[in-house]
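What Swiss-Prot says about this protein:
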{"type": "ZN_FING", "residues": "4-67", "note": "zinc finger"}
{"type": "BINDING", "residues": "Cys4, Cys7, Cys64, Cys67", "note": "Zn(2+) binding site"}
Amino acid sequence: MAYCPRCNTYTEHSVSIYHQGKRRELAEGQRRYNRKLKGYGSSPKPKQKRFAKVNKKISLVLTCSKCGYKLHKSLGRMKRVELV
């Protein structure tokens, strides 16, 4: 049970792990970045020598069973997440 702001009640929610979508090559920021990489010279951003973080931040997607409203909840940093 979780609170749904659209239904304004506590309803059953299905839980899934959020996965990032595919990057769009034609997005303005991506085209700008590709122009900067073109030609001679180095990358506009410094390359990281060693990893500062060893795990990713996990985000859950709660989907309301009544109206289908999706809610994101952050779980913080974890090495492994398993939904049962």
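Cβ coordinates are placed from backbone N, Cα and C, and glycine is handled just like the others.
Features as recorded by Swiss-Prot, highlighted on the structure.
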{"residue": "Cys4", "record": "Zn(2+) binding site", "Cβ within 10 Å": "21"}
{"residue": "Cys7", "record": "Zn(2+) binding site", "Cβ within 10 Å": "13"}
{"residue": "Cys64", "record": "Zn(2+) binding site", "Cβ within 10 Å": "20"}
{"residue": "Cys67", "record": "Zn(2+) binding site", "Cβ within 10 Å": "11"}
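The average pLDDT computed over the zinc finger (4-67) stands at 93. Secondary structure from DSSP puts Cys67 (Zn(2+) binding site) in coil.
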